[in-house]
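One structure, pasted below without further comment.
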Amino acid sequence: MAVQKRTSTNVLLHTALQNFYSAAEEMGLEDGLVEVLSRPERAICVSVPVKMDDGSVRVFNGYRVQHSTVCGPAKGGLRFHPDVNLEECEALASLMTWKCSLAGIPYGGGKGGIAVDPFELSPREREMMTRTFAARIAPFIGDWTDVPAPDVNTGGPEMVWIMDTISKLRGKLEPGVVTGKPITYWGSKGRTAATGLGVSTCVLELLKRKGIDPKDATVIVQGFGNVGHYNALFLQQAGCKIVGISDITGGYYNPKGIDVVAAKAHVEKHPKRILEGYDEPGLQKMDGNAILEQECLVLSPCALEGVINEKNAGKLKCKYIVEGANGPTKPEGDKILDERGILVVPDFLANSGGVIGSYFEWVQDLAGFFWTEEEYNSRLVPIMKDNFKRVWDYAEEHNVKMRRAAFLVAIKRVADGLRTKGFFL
Ligand code: NAD
């Protein structure tokens with residue numbers, strides 16, 4: 001019987017399914033595996049009642065979807081946002097399966113969250129909501145079953161509340177049930193810089209493959225937050241010239257090279273932690289979109305999704321794009337880049353330092369033994385290099401773009417696991 005292709009009215013899920021079906025067809029995946037991998041293993045819906053500060057009771061909808069546990073415990077974030085729904089969680093959980101598979105770490109994919117605007121809640125309401133949610137999904141999460149992490153509007157405090165709730169329910173400390181915890185609560189040194197370190201490693205690997213000395217490379221980094229700043233810093237340390245940076249306040253271009261350390265020091269001192277007012281000899285201030293269109297060898301978008309699109313892809317003056325942000329290139333933009341011969345290192349390879357870093361936190365939690373930052377970084381870089389090589393080699397061998405190659409490599413690992421393991425439970 002032919003595969004019953006699923007569709008969805010949810011754009012994210014529909015796109016995830018179509019991408020999967022087309023990749024599965026290209027790699028000749030058996031119908032049975034296509035049927036299995038196009039569905040989540042488990043989707044949990046819970047109601048989350050909270051007694052509000054004014055004495056009323058509100059009930060929020062919470063979700064946790066485990067797309068696959070073939071390669072290990074489900075792994076993926078929890079987001080608190082009014083738009084969270086089951087289909088979105090399903091789509092994002094499947095993307096986590098492929099991301100973890102590509103990263104070569106022993107995890108499957110999961111995602112979850114609560115449909116809520118957390119900024120409408122008081123700190124007490126927010127804590128009670130998080131703890132009740134944790135208690136209701138408690139039978140399904142754990143260090144060897146499903147390990148949530150921060151995502152949109154969640155962070156260290158939420159992870160600590162979840163860890164504490166699960167620990168109290170089980171009568172023992174459960175630090176490995178979530179990652180993204182503060183260092184004082186079983187978090188890990190090195191995690192803050194991990195994603196940026198991974199992105200910069202991909203840039204340097206790309207330069208190596210192209211025979212370009214980092215000293216001859218000019219780079220523009222969009223976004224000067226966690227990912228963008230560390231990416232720019234590590235590239236500068238490797239000898240690259242960072243000719244452009246940007247943040248919410250616009251673009252900062254300097255053909256002589258920006259002093260990333262001085263720019264960061266400025267941000268640290270600014271009350272809103274932004275680049276506004278930053279200056280140095282030769283610096284030109286420009287519009288945030290214009291910076292993307294300046295001359296450089298490598299453009300690394302590390303801020304928002306959809307910033308490279310049908311409007312600007314034809315105007316970019318870079319040769320290579322290394323995606324630090326999630327989904328910075330729209331499919332329409334991707335097509336134009338392809339026609340123009342601009343090589344793209346895709347997000348789920350380039351920014352996987354984040355989830356590899358989470359894996360390191362979990363490993364340390366399970367062992368109860370913590371690494372130095374140097375140990376953490378010295379383990380991250382070789383994994384990133386190895387993953388880059390696998391995707392690069394596959395793309396060369398099969399004459400496909402790196403984005404396609406990354407997806408095919410990722411699906412293959414899970415499919416191989418399923419063939420070996422079978423479908424029992
Ligand atoms: P962040 O909030 O620390 O930084 C975001 C930066 O983007 C800020 O400097 C902000 O000013 C800037 N920005 C916002 N709007 C902008 C605009 N219009 N033009 C230019 N800059 C703009 O966020 P982050 O953690 O660095 O995440 C950035 C991206 O990387 C997101 O897509 C995120 O999903 C992805 N990502 C992050 C991690 C991680 O570990 N932090 C891991 C994987 C992927």
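From the backbone N, Cα and C atoms, a Cβ is placed for every residue, glycine too.
What TrEMBL records for this protein is below:
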- K75, K99, S358: substrate binding site (BINDING)
- K111: active site, proton donor (ACT_SITE)
- D151: site 'Important for catalysis' (SITE)
- T195, N226: NAD(+) binding site (BINDING)
If you count Cβ atoms within 10 Å of the Cβ of K111 (active site, proton donor), leaving out that atom itself, what do you get?
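Looking across every protein chain shown, the total is 30.
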Report the largest Cα to Cα distance, in Å and rounded to a whole number, among the residues K75, K99, S358 that the record lists as binding substrate.
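Greatest Cα separation within the listed binding residues comes to 13 Å.
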Would you identify which of the binding-site residues K75, K99 has the most other C-beta atoms lying within 10 angstroms of its C-beta?
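Result for the most crowded candidate: K75.
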Determine, for the substrate site, the additional residues of the same chain whose CB lies within 8 Å of the mean position of the CB atoms of K75, K99, S358; present them in sequence order.
G76, M96, C100, A103, I105, Y107, G109, A149, G354, V355, I356, Y359
Starting from K75 (substrate binding site), work out which of the recorded positions listed here (D151, T195, N226) have their Cα within 10 Å, and give them in sequence order.
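So the list is empty; none.
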Would you mind sorting out which recorded positions among K75, K99, K111, T195, N226 put a C-beta under 6 angstroms from ligand 1?
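Cβ under 6 Å from ligand 1: T195, N226.
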Can you tell me how many other Cβ atoms are located within 10 Å of the Cβ belonging to D151 (site 'Important for catalysis')?
20
